[in-house]
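To start, the structure under review is shown below, and the notes come after it.
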């Protein structure tokens, strides 16, 4: 729906780097497959989220197909600042995607962190942390081909077992003109092991650009602790925001007003039922009993969900 927003694009543009110069920790909603779409971004922005990412989009498909562009990317005039995350392995393809998206977003992010097998086998995601020259080349190409100096180019990475390699990658990206780097503090092999916040701190101390910490942040207190441990300029949250979209506003669990807001926003945006329902299942995880979950999680229509919420919670 890129065509729908042309009239409003110029007045809404923002410089994401202004957030990092504000003196406050930047609170960021992570790129999440299926979940960090426009309706959810609209919700978390109501609850003190500073910066939102789209789900990862394969740049080659985005460039090649108008159908892919319309299904993968929607935005509106309130959806700023916005970063579009791309999976790419060729500099020119990433540049072409960046040029298409530039009028409608505030920056792009190159995914160098996705550990899924399909991504790595295609040459995308986390395998790029082992190709620092390619990452540098991609960043440099985007920098040289996008005219707007306020348009950011960032990367999201995982760490190496040998941290010197990660620092080298980050310094090469910085030299090529990357705006900031988000560090998920685990290696490609690690899934649920503890996050290496000490590694993020080493990277932060080795760089002069902003660093964003990512991994296992579930509450505002966690975010403050991670900021303290890593000295990072921002914190990026995925599952914590799914479970509680109001966490950045300081709520310990999802308030009912937030559930009401999600219902209103999702219906207004025409959110598909499965997505609408899944978000509610995440949000209500800690406020429903096991018995209630058994009933709620198998509801199969929007009207059934709305009736349930009205009958049980007055939403």
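Just so it is clear, glycine is given a Cβ too, placed from its N, Cα and C backbone atoms.
Any TrEMBL annotation is an automated prediction that lacks curation.
Pulled from TrEMBL, these are the features on record:
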- 114: active site, proton donor (ACT_SITE)
- 31, 32, 33, 85, 184, 238, 239: FMN binding site (BINDING)
- 29-292: domain 'DUS-like FMN-binding' (DOMAIN)
Inset, instruction - Calculate the distance in Å between the alpha carbons (Cα) of residue 85 (FMN binding site) and the residue listed as 'active site, proton donor', and round it to a whole number. - result: 11
Inset, instruction - Pop the Cα-Cα gap between the residue listed as 'active site, proton donor' and residue 31 (FMN binding site) into the table, whole Å please. - result: 10
Legend entry - Rounded Cα-Cα span from residue 114 (active site, proton donor) to residue 33 (FMN binding site), Å: 11
Legend entry - Cα-Cα distance linking residue 114 (active site, proton donor) and residue 184 (FMN binding site), given in Å to the nearest integer: 10
Inset, instruction - Note the mean pLDDT of the domain 'DUS-like FMN-binding' (29-292), expressed as a whole number. - result: 97
Legend entry - Whole-number Å value of the largest CA-CA distance among 31, 32, 33, 85, 184, 238, 239, listed as FMN-binding: 17
Inset, instruction - List the residues of the same chain that sit at least 6 positions away from residue 238 (FMN binding site) in sequence and have their Cβ under 8 Å from its Cβ, in sequence order, or write 'none'. - result: 30, 32, 214
